[in-house]
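So that you can see what the record holds, here are the features copied from TrEMBL:
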- B:22-35: compositional bias 'Low complexity' (COMPBIAS)
- B:36-46: compositional bias 'Gly residues' (COMPBIAS)
- B:284-303: compositional bias 'Low complexity' (COMPBIAS)
- B:53-187: domain 'MPN' (DOMAIN)
- B:SER197: phosphoserine (MOD_RES)
- B:1-48: region 'Disordered' (REGION)
- B:279-324: region 'Disordered' (REGION)
Amino acid sequence: MATPATPASAPAATPAPAPAPAATAAPASVPAPAPTPASAPAPAPAPAPVPAPAPAPASSSDSATAPATTAAPGQTPASTPAPAQTPAQSLPGPALPGPFPGGRVVRLHPVILASIVDSYERRNEGAARVIGTLLGTVDKHSVEVTNCFSVPHNESEDEVAVDMEFAKNMYELHKKVSPNELILGWYATGHDITEHSVLIHEYYSREAPNPIHLTVDTSLQNGRMSIKAYVSTLMGVPGRTMGVMFTPLTVKYAYYDTERIGVDLIMKTCFSPNRVIGLSSDLQQVGGASARIQDALSTVLQYAEDVLSGKVSADNTVGRFLMSLVNQVPKIVPDDFETMLNSNINDLLMVTYLANLTQSQIALNEKLVNL
Amino acid sequence: RQNAHAQRIFSAKKMASRKEGTGSAATSSSSTTGPAGKGKGKGGSGDSAVKQVQIDGLVVLKIIKHYQEEGQGTEVVQGVLLGLVVEDRLEITNCFPFPQHTEDDADFDEVQYQMEMMRSLRHVNIDHLHVGWYQSTYYGSFVTRALLDSQFSYQHAIEESVVLIYDPIKTAQGSLSLKAYRLTPKLMEVCKEKDFSPEALKKGNITFEHMFEEVPIVIKNSHLINVLMWELEKKSAVADKHELLSLASSNHLGKNLQLLMDRVDEMSQDIVKYNTYMRNTSKQQQQKHQYQQRRQQENMQRQSRGEPPLPEEDLSKLFKPPQPPARMDSLLIAGQINTYCQNIKEFTAQNLGKLFMAQALQEYNN
């Protein structure tokens, strides 16, 4: 699935987007073969040669003035190939063509998304979206995004200005805390990829090889906050000026254990009327955890009953899981269990007693010293 | 480390004195109702100014992440909390971490880092008012002199500041452990005088239980973040680790008890010192008494012989009173022991609950 991106400047060239599944009825000839094989999905050669609108012989410099071409953003899979101008020469050579470092999976930590939403809420008056830098680490199979910060920028119909100085400074500051984080790309809120995105993407290409672009849909189109990641790839007729396409990537959510627990807790605010929750006491937590397991067990039981009564067809893999589950319950001779239980309880009670004793001791000490 | 803290506080003071009523707070919909003003909490002079701490989900996640990535073993990670004060509630809306290992990098300027960070955050409309700091802890040991000093400086500069203690090990066991502490007003008074002698402490009537007060925490999210949470819940797999229900407790308990024992040892050393001091004082008293008596006797003898009496000598010069041992340290140790005991009791209570549940299940099986 490729999303064509409209560039912001430059001489015209032939577009050649080719969304593989939804090849819209496009009459015409086939320009380019697929761009860099590693990153692009096999584009079906059935692009639409859209007549390039009056090739605005715009200044081919990186000026941020976009010609008034139709932007055709749209990241829905069935996107129609749009007239795509090419920004061409301004793209740094070595960054794009190589295979996307780290494969095609982007692992996000929830703290990033919370940060992005928070910066969106704090945006300046009149700004439709916010952008910022993504930081993280790269490894062989995936890219892990662990931090981000927002960057002030101004965007209007014709131009976009990003405060790169600020971005650099913030990156330096962040590096002092976590020296292992690298600039991986950038994010933007909003559900479109606009012309300006391409320019901004270009800015970021200078900072990082093959940057990722993340969009978080805070305008809640389709009633969901969709989170997507893209990497840009070259496309076009070889030998002529090349276009840029944003290829989607798989997004997975990665959690540290403690993060998982934190997120579970924070999620509870969804259920409380004024979105406020307190931290619960120790036994309440045990109660909560057991309630969760109870729910899980009742789901499993329900499934088993459904299968038995014939409502649902049996699935072997599930059956195997169930069997291993049942086998995991250890068979303990009741007497042994009693002894184990009692000794554990004794230990705990003794420790509680000791703790209480210590506390009374220090209280006593306090009194004596103050005499 | 203490110098670093002092520097940080200095910059905090500067920032506090430059509190501007910009509209930045107004745009943040993550704070609650109405006038998100920057007014100071109006507590009574004896009361604490902050009754409740409200933390954004984002801050919690950031603290967790910071420890996870940068903290190892017994090192503490620290950072600054940003937010604002609304009536008697302290709202924490953002935070940023402080780099560690500053000793390695000699020309690293903490104050400058902080100023730059806050300036940059201001550009993107994040609340830049310094309201406290956070620190991770190892098995609950955080009652130290350094913490006391830092918190005092913070609280002196900014009345409502708190220190958030995050316990990663307890969190990994299944439930978020985040506590907010402030110094009690009594302790603030004592620290202000910088007088930690026993008399001052006795006057202030400070016991180890009244050093820190815990402020209740609530977590609050904006609507948009709630939407995000729904989204995440749909997309992420259910957590498959149920650490909270694990019955294995001996490791954790052992560690806790070890730390407790160390502290109790220190405490007992302290007590020994105190006892020697008492003994010395009483011995000295006796000696003084004896000396006085001898003097009197001599004087009487001299009088009877018609000689001038010996001049009264200044007893205090002859008998220098022994130094009373520092009370502050033992207070801190007592406070720490108290915290350990509380933690242990909570932990054992949880485990007892779990054991009883296991017993009930087993009986049901049989």
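A Cβ is built for glycine as well, from the same backbone N, Cα and C atoms used for every other residue.
Since we're looking at a predicted model, the values are computed, not measured.
Applying DSSP to the compositional bias 'Low complexity' (B:284-303) sorts its residues as follows: 20 helix, 0 strand, 0 coil. Residue counts for the domain 'MPN' (B:53-187) under DSSP, helix first, then strand, then coil, are 49 helix, 42 strand, 44 coil. Looking just at the domain 'MPN' (B:53-187), the mean pLDDT is 81.
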